[in-house]
Amino acid sequence: MKLKQRVVLLALLLVIFIFTKVFLIDNLDTSAANREDQRAFHRMMASLHVELDPRLDHTLQSPWEIAAQWVVPREVYPEETPELGAVMHAMTTKKIIKADVGYKGTQLKALLILEGGQKVVFKPKRYARDYVVEGEPYAGYDRHNAEVAAFHLDRILGFRRAPLVVGRFVNLRTEIKPVATEQLLGTFMTVGNNTCFYGKCYYCRETEPACADGDIMEGSVTLWLPDVWPLQKHRHPWGRTYREGKLARWEYDESYCDAVKKTSPYDSGPRLLDIIDTAIFDYLIGNADRHHYESFQDDEGASMLILLDNAKSFGNPALDERSILAPLYQCCIIRVSTWNRLNYLKNGVLKSALKTAMSHDPISPVLSDPHLDALDQRLLSILATVKQCTDQFGPDVVLVEDRMTLSHL
């Protein structure tokens, strides 16, 4: 063999060797990541059922101190939380030492201070479980049970970006009125034999109070995030105009995602992928009302998108509002870890997992069966949407490997 042929052959063999090595390394990395995703899924499934148990045998800290230490820039609580039941038990049983009108917003809520100084947001029951909210996908009052269900869905999806929520029954006459501020107390009234209040908010009206069953009111309590983690509010790039006849740019511009990718904080870091995750989360719960979102301040785009205010969800199980998925089908990207988790949850696993996760809650059953069935149906639509993207652009473009390091030291 001539020298020139030998050189060509050696060069070809070297190229094949390098390609094979890179291919094998990539496959090994991908397989390792997939195996870890599968292990994480099994760990989640094993810890679905959370007993509300007050015992904290292994620590002298209060439940509020424990929950505060969980919070880091990329998650609200860690994957393994043996103290979760104790924290949620405290949320639903600790004495209320102060009650005030809720923080500013459009919907009725109350701000409660529990024994030990912990703030929680109380959202009252407005609808029966089987009530169907007609009209626009964001119509109607807030649904307290939707907050509970959304928190557990956040656990199941492995996002861990929603503050802790649990159901709670409160006696308005003996638990709230004696510790209520004058501002809140001034909104109390009696309708028939029921104690009611209408609070202070943009849409709060004396003619539309929330009423207890007698004195006992069912609601949800959401754990306030620690003050050391101040929040920053952002306009959602796929927000609606809420004006009849006026469309947002994303509703008519097919190349809208390309424009988003050129603007901060979506031009780098994890924020755009967080938006995609949130679109999937919101589509599953039927939440078309995320016009703004929160992250931690001074994060330079690295903080998670925090899944706050999920109460405009689970209104109509027969309505699948596809426009909620616009960030997914317009950008055609999704985290590999999210894609893997969604696939693990198909074939009825999602409905079963959520039902199990919520079974411990004081206000169980949290959702009616039609809403649970709708989750499985919507999951199929998400998987089909991703498949359309991979068919068009290829999995290497659509499936993005982005695993943020989480630290709980």
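Keep in mind that glycine also has a Cβ here, set from the backbone N, Cα and C atoms.
Quick caveat, the model's predicted, so the values are computed rather than measured.
Annotation source TrEMBL lists ATP binding site at Gln107, Lys123, Thr222, Leu223, Trp224, Leu225, Glu294, Asp309. Counting every protein chain shown, the number of other Cβ atoms lying within 10 Å of the Cβ of Leu223 (ATP binding site) is 25.
Taking Cβ-Cβ distances under 8 Å and a sequence gap of 6 or more within the same chain, the neighbours of Asp309 (ATP binding site) are Gly105. Taken from TrEMBL, the feature Mn(2+) binding site applies to Asp142, Asp309.
Residues or ranges marked as domain 'FAM20 C-terminal' in TrEMBL: 188-397.
Per TrEMBL, active site is recorded for Asp289. Here Asp289 (active site) comes close to Pro137, Tyr138, Lys312: these same-chain residues lie at least six apart in sequence, with C-beta atoms under 8 angstroms from its C-beta.
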Compute the C-alpha separation of Asp142 (Mn(2+) binding site) from Gln107 (ATP binding site), stating it in Å without decimals. 7
Sequence-distant neighbours of Lys123 (ATP binding site) in its chain (C-beta under 8 A, six or more apart): Gln107, Leu108, Lys109, Asp142, His144, Glu147, Gly219, Ser220, Thr222, Ala311
Number of Cβ atoms other than its own within 10 Å, given for Asp142 (Mn(2+) binding site): 26
Counting across all protein chains shown, how many other Cβ atoms sit within 10 Å of the Cβ of Gln107 (ATP binding site)? 20
Site of maximum Cβ density within 10 Å, from binding-site residues Thr222, Glu294: Thr222
